[in-house]
Amino acid sequence: MTAETRILELRAELDQHNYRYYVLDEPSVPDAEYDRLFNELKALEAEHPHLVTPDSPTQRVGGAALAAFSQVRHEVPMLSLGNAFEEADLREFGRRVVEGLDQPGAVDYSCEPKLDGLAVSLLYRDGQLVQGATRGDGTTGEDISANVRTVRNIPLKLQGKGWPAVLEVRGEVYMSKAGFDRLNAAQAEAGGKTFANPRNAAAGSLRQLDSKITASRPLEFCCYGVGQVSESIGDSHIGILEQLKAWGLPISRELKHAAGIEECLAYYRDIGERRNSLPYEIDGVVFKVNSLAAQRELGFRAREPRWAIAHKFPAMEELTEVLDVEFQVGRTGAVTPVARLKPVKVAGVTVSNATLHNMDEIARLGLRIGDTVIIRRAGDVIPQVMQVVLERRPQGARPVEVPSACPVCGSQVERTRLVKRSKGKETTSEGAVYRCVGRLACGAQLKQAIIHYVSRRAMDIDGLGEKSVEQLVDEGLIGSPADLYKLQFEQVVGLEGFAEVSTQKLLDAIEASKRPSLARFIYALGIPDVGEETAKVLARSLGSLARVQQALPQVLTYLPDIGLEVAYEIHNFFEDEHNQKVIQQLLDSGMQLQDEGELAAEFAASTTLAGMIAKLDIASVGPTGAEKLVARLDSLDKIIAADGIDLRQALAAKQADAVREFFKDEANQKLARDIEAQLLAFGMHWSSEKKVAEGLPLAGQTWVLTGTLERMSRDIAKDKLESLGAKVAGSVSGKTHCVVAGPGAGSKLAKAAELGVKVLDEDAFVTFLAEQGIAV
């Protein structure tokens, strides 16, 4: 059998498995067998790239990022539907339909859940998917073709035969509840942005300019109709959907037929009762006159059809009473209010607590203890207080007061005004945060700090979950993260959950954590607004804990993706005497940071005097003006000392005056000199006499990990490579420097062989790390 024949066989088999899994909901093979076939196809296509076609099941990984989406005009407008909020609204719709058709007997309707996602159009030509577009304003949408190709249950090629030359399919891209939970958990673990609800997650994922991001998101598609079609494919709405299903397009498993409005109402009530158990979010039900001839007879009004309506569910809201407002203390000491409610069922779940976020939210709501409020389960998950019902306020309703002492440790609670910073300016906002000043003497802060410190993405101390940490704190065995390294066997054994074996495993894990990467250590410190990726940026760019501790806020903004707000959080954290003491205690406990070294060479070389000037808050002087200024005056001293004549030879009069005015202020002179001094001390340069700091050994190299590593996890291997300056990618390309391949390596290994990329097995990789001074 030739490779081409086998590739065609595999594609056909995988397409059939996809159809049975996504459309019929009847998986025909175990996941492991599907993966084996898929990997075989990927490997064959890697060996024979000229045989790769756009409709191959392997072509869903996403391509190069776009600068912007292009516009797509809908040949048949994507109209919105009218809404019914009450049963009376639906009955009135039914009356209008009967009147418009003037026919005896009950009108036939199709019934489908209204998925809460993003409406899209898919265009197939001769059975091949050629375009995907958003609804937009109904007339013009955005071309998201690269992104829709990554959605697993959208067929790249239609099944069967008999499809028209041109077929535009319309439907909803959505995210299941389970997929949404997995995505948010992964985002939170990586220190990334989490989403408020599945709809936002689906919309944000589908509108990514980088389709590789879309490919990583658990999106699904459900077809609900057609747009332009070159020939008729049915005479009823349900008939068309069943035909689309036969061609491989997923339709709702809840699609039903109803005879008359009363059966529609019965469907609505049934779906409403089962709403919480459905695997996806819905916000109502859509009813359509089933006959296409009847649809044509009824026609349209304004921008909506007369033959369809969306019967919306009521918002997931209920009334209840605020019994009290209590205050919780978080890891950073923030004291936040929580409403204790008279228990009430909202969307089938009993709610007795609701978040109030902060005192600003309480002020916005005008909330008092004793008030009747509207509670909503936002996204059907997080109970929130939406509104106070003022007409029900009792005479004895009490204002909410922030405690002057911490409810956990009794320390003072301080109010701090929120500050917004932009370059050199500080703006005090109306908001404020309340914090317990007890630090690690506060049990709540200590427990949360330790839980964060030992977490998998931080110091990765296995065996210390939340309950274990709470127990160690409550027993008085740990009062700071450094106390973990003082724990003795006799102190731990016998505590709940700790027998002799588990105690020794815990102590071994604690000891092993003394050799973290710099990035892990920084992340474990729990600096406000510093997630895992920001910690990696700090470690990779600055190269040592000392530089991170010393860095001025303005210098930190030179690092990728660090703005002034986060820069001040980092700087203030390391300036704090209490935090300095905690860090020193950790270092004194035997901590050995594994990858400290020089400043990143590309970072040092990329910093210029013009770049520094552009970052100062000089009115009307941006990057271009700064370049002109430095071309004329090539040192900070010359710029500060320059008179109006010198400055006007480089800049327009307005800009020159702004520079002179800025540097008249001695505080601005000092700030600029301090920034320059630190940049030069760190190894950055803009003088030919300054030597560029040597880079890390793998700086500028891209590595790929594949297969199962037996002597370390993939995460640890990635950390070690990044500590040497490498970028770790998820796929092999011509730019890949080296592939580390463990047992079970598949298509990535084949791709590396095809491209002639260097490959190391695990033993060779461990030897390489040892040569770089990194132990495993």
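Each residue's number is its place along the chain shown, starting with 1.
Note that Cβ sites are derived from N, Cα and C of the backbone, with glycine treated the same way.
According to Swiss-Prot:
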- Lys114: active site, N6-AMP-lysine intermediate (ACT_SITE)
- Asp31, Ala32, Glu33, Tyr34, Asp35, Ser80, Leu81, Glu112, Arg135, Glu172, Lys288, Lys312: NAD(+) binding site (BINDING)
- Cys406, Cys409, Cys436, Cys442: Zn(2+) binding site (BINDING)
- 693-776: domain 'BRCT' (DOMAIN)
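What Swiss-Prot annotates, mapped onto the structure for a quick look.
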residue	record	contacts (Cβ under 8 Å, 6+ apart)
Leu81	NAD(+) binding site	Val286, Glu304, Pro305, Ala308, Ile309, Ala310
Lys114	active site, N6-AMP-lysine intermediate	Ile282, Asp283, Gly284, Val285, Val286, Ala310, Lys312
Arg135	NAD(+) binding site	Met78, Leu118, Ala119, Val120, Ser121, Gly141
Lys288	NAD(+) binding site	Tyr109, Ser110, His237, Gln295, Trp307, Ala308
Cys406	Zn(2+) binding site	Val329, Val335, Gln412, Val413, Cys436, Gly438, Cys442, Ala444
Cys409	Zn(2+) binding site	Cys436, Gly438, Ala441, Cys442, Gly443, Ala444
Residues within 8 Å of the Cys406, Cys409, Cys436, Cys442 Cβ centre (excluding the Zn(2+) site residues themselves): Val329, Gly333, Pro407, Val408, Gly410, Ser411, Val413, Val437, Gly438, Ala441, Gly443, Ala444, Gln445
Neighbour-count leader, CB within 10 A, binding-site residues: Cys436, Cys442: Cys436
Cys442 (Zn(2+) binding site) - helix vs strand vs coil (DSSP): coil
Per-residue pLDDT averaged over the domain 'BRCT' (693-776), given as an integer: 84
